[in-house]
Structures are given as structure tokens and as C-alpha cells.
Amino acid sequence: MKKIIKYVLLDLLRNRIIIAFTLFLAVISFSVFNLEDNPSKGILSLLNLVLIIVPLVSIVFSTIYVYNAAEFIELLVSQPLRRVNIWLSIFTGLAASMCVAFLVGCGVPVLIYAPTDVGLMMTAMGLLLTIVFVAIALLASVLTRDKAKGIGVAILLWFYFTLIFDGIVLFLLFQFMDYPMEKPMVVFSCLNPVDLARILILLKLDISALMGATSAIFSDFFGSKWGMMATVLIMIAWALLPLWWSVRKFNRKDL
Amino acid sequence: MIIATNVTKKFSKLTALDDVSVTCTKGQTISLIGPNGSGKTTFIKCLLGMVVPDSGFITFNKQNIAHNWQYRSAIGYMPQIGRYPENMTIAQVLDMMKDIRKRSAGALDEELIHSFRLDGMMHKRMGTLSGGTRQKVSASLAFLFNPDVLILDEPTAGLDPLSTEILKEKIMKEKQQGKLAMITSHILSDLDDIVTEVIYMEEGKLRFHKSLGQLQEDTGEKKLSRAIAQVMSAGN
């Protein structure tokens, strides 16, 4: 398994898109920090980059990579190798190289200009989101045979997690305005890894007061040590469940 | 050596393989012939475990291949279209395969690499190679590990006549060592002198499995291409 990971990584790290993505992140991060004199303002500007662009690139690039590697996967499957190992190696390779790209492009500037709790939290959440969306991309690409459809599904999933889900939550909030919605909101946000990351970062930013009454419950739950641990575990589950499902599908897939 | 029993595979509505039973033994060179879409490639992929049959089973050396993966170390497979990571050079691809299959250098068969003159272009990236050169790499990989069974899917498609001849000689040499070779091809005349058995498939069904001598006797034709042409026209 180590060997397959090695070769997937070798292939990926020379990929132009990964290099371009790293440069893109680095340019934006450095310019944001140089434009603002207050580093925590810079963090706030980077927040959207981490919560929206990073998942988008992770999911779309991974899906396209898996489709383009179809023949290579076929070649590996015809060799004396376990299918589970092949699939997990591709996942590890993709997740590792996307994480390196994020770490170099965004993590390093953040840790240079704002080496605070918030900065650390944002880097950690960016890495977790990258892994989660690579896992979701693998699931999307194993479920659909057609490349165009697979990429469409990947983009739709990203749309759902970054925009549609929030819309649904807002809608529910307005519909049930007369009821206490604080506790259900905690459960709702667990259904979306992007929301979880956003809440954890915002709570560290001390602007959570802006969120009103819900925020009290949020900081009670997510701010405590146990709450944070639980949230990180839920994020990891968000990566592991799609991955496990995709492994099961890949094991029985006709190539 | 390879026994397929009542293998059936459906892709949604299309029946790619319909109750196919085949027995292949050591030392045979089998030609798998049939019109486009007759299920040849699907059958080969079933043998390799790349496609899972809906019903029926396949045994390799008396072991069921379902949920088994070690048996593939005895197979050399050359796919119809070989595509490799574009950023890797030929040398890296070869090294990767050696690395993955963990064979000591002594047991490797690098004859094809030399006779195809791949040595001189080891540093070229896979993405820049022509279709024919890629086929040569695929062929070299199939023979590299000295496997007991060779499965070649359209091996001569895209190869120039000289390389086709080299490949044919190589298959003959392996045949004399008692290896089982299974070849699909449309270009029948390429195969005439090396084939010992013919499997003819049509619409996912096995039409016949005969030795070459038997086929020649039945159709009264000396040349394989003519014999097959006669069978095909008789079927319509």
C-alpha cells in the first residue's frame, strides 16, 4: 500500500493544477495580510477562502483526477493487489497532496502573520475540510460512471454544503421562529462540515457575540473542550463515512 | 488451469456474457474471436477480477477467484488501451510495476523491452508517447514477470508490422515453455500460425470452442481467417 501511495503522490505533486492552486492560495493570503494592518481582519477575509474555495477545489480536482486515472486504476486492479488498498492509496495520495497545497499556500502565511489560536484553528479546519471533500469526491466519482455527470454531482454537492444547506437552515429558522431553536441548531450544524468549521473558527474570533442568543448555546457546546473534541470527531466522521461507503462501492465496481 | 462455469454478466439491460463455460489448460494458445461487442473483453475482465460476474464462477488453479487477489501474480495482462500516469517516464512505470509485484531482478523477463528498443526512450514521459509505443510498454509489462498465463487484449492493434512480428515470436517462445496464452484480435491473419485453439463468441454467447485442427476440418478451409469468415456467414 505504501508503494501505491508513493506513486500516486509522485504523480500528483508534479501536477500543474496542484502547483497553481498552491500559488493562488499563497498570493491571496499574503496580499490579504499585507493589505490589512490588523491580522485578525486578515483572518476574517481568509475565512471565506477556506470555507468556500478550498472545498470547491478539493472536490472538483479530486473527482477529475479519479476519472482521469481510470485506466491507471484498471492497470492496478489487474495486478496482484487488494482493491481496498488501491482505493485507500488514491485517497491518501489525494488528501495528502491537497493538504500540502493548503498548508503551503494558506497555512504558512497564516502562521507567519497571525500565529494565534484563531490562526491555528483555521489551518486545522482547512486541512479537515480538504480531507472531508476529497472523501466526498471519491464517493461521487465511484457512484457515477460518466465523467461529466460525476463532476456535476461533485459541484452540486459543494453547492449544497456551502449555499443550499444554509438556505434550508435559514428557512427553518424563520418558519419556527416562535419556538426555541437553539438546541436543534446545534444538531443541524453537525449535518454540514462547512458549518462546523465556520462555527469553530468564529467562536475563536470573539465576534460570536454578533450571532445573538444562539451563540450562547453555541459557545456553551462548541466552546467547551468536550464540545470541540466532539466537533472534530464529527468532522472526522464526515471524512470516514463517505470514504468507507466508496470503498464498499469500489470493491464491487466493474471496471 | 482456468475454468469458467456458467458465467453470466449483465450491464443493466444488455447481456454481455450469457452462460459462458470455458476450460483452458496449460500450453494452449487460445484465440478469442468474435464481432465487436460480443463480450470478449468483458470475459477477459471477468478472468482478471475487474468485472464481477452476476452468476457463475471462475476458478484459477482450482481456486475460486472471487475475493481472491493473489492469483493475479501468475497473470500478465495487456489491456486494449493502456493509459498510464502522464507525468511518469517509461522507466518510472517499469520500476513501479517491479516495485508493486516484488520480484527479484533475476526473475524478470526484459527481452521485449530490448527488442522493442524501449531502452533508448526510458526517460520519455508516458503522456508524450504515441499509441503504438504505449502498446509496446503494455506488452513489455505483460511479459515482464514471467507469468504462467498471458492475457492479451488486441495486442497487435496499433503496432507496426515489425513490432507485431517481434510480439508474435515472443508469444511463440512462451508457448513452447508451456504457458497459457489468451489473445483477442480482429486482425486474424496475425494469429494464424501461433493459435492452437479458437473460441468464438457472439452476442455474449459462446458459439464454439475448438482446436484449430478441428475447425479446419469442419469448415474445409486451411486459413483461420477464411474458416472464421465461413462460420460468421453461416451464422447469418
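Cβ coordinates are placed from backbone N, Cα and C, and glycine is handled just like the others.
TrEMBL annotations: computationally assigned, not manually curated.
Under the heading transmembrane segment, TrEMBL lists A:12-33, A:45-67, A:88-114, A:120-143, A:155-176, A:226-245.
With pairs at least 6 apart in sequence, the transmembrane segment (A:88-114) and the transmembrane segment (A:12-33) have 3 or more Cβ pairs within the 8 Å limit; the two touch. The stretches the transmembrane segment (A:45-67) and the transmembrane segment (A:155-176) are in mutual contact, each linked to the other by at least three Cβ pairs under 8 Å (pairs 6 or more apart in sequence).
Packing against the transmembrane segment (A:155-176) from elsewhere in the chain are residues 51-52, 55-56, 59-60, 133, 136, 140, 185, 188-189, 191-195: each is 6 or more residues past its ends and has a CB under 8 Å from a CB in it. Residues 88, 91, 128-129, 131-132, 134-136, 138-139, 190, 193, 196-197, 199-200, 220 of the same chain lie 6+ residues outside the transmembrane segment (A:226-245) yet bring a C-beta within less than 8 angstroms of a C-beta in it.
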